[in-house]
Structures are given as structure tokens and as C-alpha cells.
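One structure below.
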Amino acid sequence: MTSFDTELKERLVRYCAIDSQSNMDSPSAPSTECQHDMLDLMVRELTEIGASDVTKTHYGTVIATIPGTAPGPTIGFLAHVDTAPQFNATGVRPRVVEGYNGGTITYPDDPKLVLTPEDFPYLASKVGHDIVTASGLTLLGADDKAGVAIIMTAMRHLLETPEIKRPTIRVAFTPDEEIGRGVDERLPADLGVDFAYTFDGGDLGEVTYETFSADFAVVSVTGVSIHPGWAKNKLVNAIHLASRIVETLPQVTMTPETTDGTDGFIHAVDMQGSAARMELRFILRDFERDGLEAKGALLRQVCATVAATEPRAEITCTITPQYRNMRYWLETDMTPVDLARAALSDLGIEELSVPIRGGTDGSRLTEMGVPCPNLFTGMQNVHGPLEWVSVQDMAAATRLCLRIAERAAEA
Ligand SMILES: [Zn+2]
């Protein structure tokens, strides 16, 4: 079997060193100028490997075609080029721990930081693997540059090996996934595929077709502002009312820190303002539509209850949908999931299907009519300084990508 280790290692190190962090507070698309460095590199590298129709769209997504050598459904492979805004992503210095010996991994730029197999049992199962980490001061960005490297390596191999039967493949590298803006409304039409896969998952064997359903809520509290010296019986302090809303919401249940498995939550993510006006932001998550609706109803009810205690204040609660559990669409047609499962089994890799407590670009795409499960890359401890990935896990994902293409042509 072809070993892709060297190519994957080189690609990952090259991509991770490029700063392409997205920014929630920026209104532009892509949200940061620096993401163009990765996107333009993708245009160059896709052209170099001989892909056709290489295009950077107005909304920043890079799309290309790998022409088919056999009939079959048109398949999309996607990964995102941005890295998470939650941790320093500037000046990433990736390094490779060759042939991991099973011990503690230390970091050149932060002597206090350690990655141990005791804390992270998955690492204990990777003895002998080549482990890529950052240097201690930044995240690595394997999320999702591991996905980018996997797709690029698989497509390079397909273009050089036309005897492997494959249907037409479309590749897309998206910006701004980490801030929930990775899927432009024009993407499904521009992509033009029967179904697609994101390579944006974790452990070896992961095939995800179930994600959270997600809403975003903004609560605004407007009090009555007046000079405190003349405020008696007149001033209505928005800070007190906003605090009461937070205090009335569940604290020991229904929060991210008190739930796991299939339980959803209401998460207070931001609170800003003054005595005159406060704004609170929440994310609502649940695997089921009715569970999500119930969380929205609870938040509205708490707002209404607090509002009733102070008629002079104005409290509004605006809830907007973000994405929905991809299972609702995939369960009506499991073709892409079954294809990935069969390809995994061909490779002798055990399938791991766990609902993920989050969303992917595939959640939105699926909802927009492009069924799009998520596949493993090997990435671990993402969005922080202990992020790492095994090159051999990435090689297994590369073989999965190739096997999916081959099987689709056989079908
Ligand atoms: Zn990701």
C-alpha cells in the first residue's frame, strides 16, 4: 500500500505555519485578510497537481474539479482553511515528534506545558506514530489543515494514478468555518455534487452524521437612565435586570459544563452594556428540534418573568437559527454514510459513529440539500496549545478518501 506519510507531514507543517485565523467580529467575507494566504496557496497547489476549473469564488471558497475516469455520482470533498479564534494562532511553529515513544511530550517555547498519555489516552495508542504539535505558544491548526492536507494528498495521488477508477470529484476549501460562516448560500450550486464529505473529524474511524441543532439568542435589556442623585423611584438599572435573567436560568443543569452525551444546553456566551442598556448573548444547543425549541421557550419565559417585575424596563429576546442536526436529512438517504462505512470496512478500520456536540460546514450543506457527513482526520485537543495529530491517522484518512472515490465508481 502507498505510504502518504512524508507528503502529509510536509503539507501539514507548511499549512500550519500560515496564519489563517478567522474573526467573529469582522463583517467581511472572508472575515480576515490573512485567510487569503491559505486560499491562494490552495489555488496554486491545486493547479500544480493538475486539477481543472480551479476557482476562488467571490465569497473566498476555493473550488476545483478532479475529472472522473468512470461513471458514478459526483462527490465533493471539503475542508476549512481557517483556524479557531479562541487561542493564539499567529507564528505557529509546527514540529514533528518522529516515532513517538509513548512518553511525555514537552514544548520548546513553554517549558511548563506537557502532553501526556495519562491525560490523553488516545495518545497512548499512537506509539510509533509521527506526532505533529505546535511549539507551546499557539494552537497547531490541524483543525482543519489536517483535512486540507488529506484531500490535497488524495487528489494528487488520483491525478497521478488514472488507473484508479473514480467518478468526477469536486474539492472545496472554505474560509470562516470556525465562526459559523463557512457555507455561502451560493456554495451548493457552485459545488454541483450529489453528496459530499468534510474531513474535519477527530479519532480514527469517525464517521459523523449526527450533529447538534443550534440557535443563537440575543437578549436586550433597556432600563431607565437618570442621574443617580435624583434617581429615587425613577432609575431602572439594566445591569440588575440582566443579572436576574442570568441567575434565573438553570445553573446546575442545561449548561455546557453540566451536560454531555445527547443532552442540550443554554450557554451564556457574552454580556455587555451599562446601567442604561445591557445585551446578553446565548447559544442554544440540542440534538432534537423540540428540545431546541423548549430551550428557546425557557429563555423567553425567563425574560418575560423578569420583565413582569419591572414594567418600566424593556426586555426583548431574539432567537435566530444557526444550523440543524444533519441526521434529519441523512436518515432519509444514507447513501453517503453507507459508502463511507463500506470504504472503512474495506480498509479494516473500525467505524466510530458518535453524535458530535457541535456543527460542521456539513450541517449547513446538508440542510441546503447537499448531504454531507463528516470524516475523521486524527486531530486532537483542537483550539488550544496541546493540539496534535498523528501523521499515520491522516494517512488512514487519505486512504479512506481514495477508497470512497473508488467504491463510488464501482457502484
Ligand atoms: Zn474544524
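Quick reminder: no glycine exception, Cβ is built from N, Cα and C everywhere.
Source: prediction; values computed, not measured.
For ASP82, the entry in TrEMBL reads active site. Following the DSSP three-state reduction, the secondary structure of ASP82 (active site) is coil. The Cβ of ASP82 (active site) has 31 neighbouring Cβ atoms from other residues within 10 Å, across all protein chains displayed.
The active site, proton acceptor feature in TrEMBL is assigned to GLU177. Reduced to three states, the DSSP call for GLU177 (active site, proton acceptor) is helix.
Long-range Cβ contacts of ASP143 (Zn(2+) 1 binding site) within its own chain (separation 6+, distance under 8 Å): THR83, ALA84, GLU178, ASP200, MET379, VAL382, HIS383, GLU387. Following the DSSP three-state reduction, the secondary structure of ASP143 (Zn(2+) 1 binding site) is helix. Per TrEMBL, the feature Zn(2+) 1 binding site maps to HIS80, ASP143, ASP200.
As annotated by TrEMBL, Zn(2+) 2 binding site applies to ASP143, GLU178, HIS383.
Per TrEMBL, domain 'Peptidase M20 dimerisation' is recorded for 211-298.
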Look at each of the binding-site residues, HIS80, HIS383, and point out the one with the fewest other Cβ atoms around it within 10 Å.
HIS383
Kindly point out which of the recorded positions ASP82, ASP143, ASP200, HIS383 have a C-beta less than 6 Å from some atom of ligand 1.
ASP143, ASP200
Applying the rule Cβ within 8 Å of the centroid of the Cβ atoms of HIS80, ASP143, ASP200, what extra residues of the same chain belong around the Zn(2+) 1 site?
ALA79, ASP144, GLY147, GLU177, GLU178, THR198, PHE199, THR360, ASP361, THR377, MET379
Provide the number of Cβ atoms within 10 Å of the Cβ of ASP200 (Zn(2+) 1 binding site), excluding the reference atom itself.
27
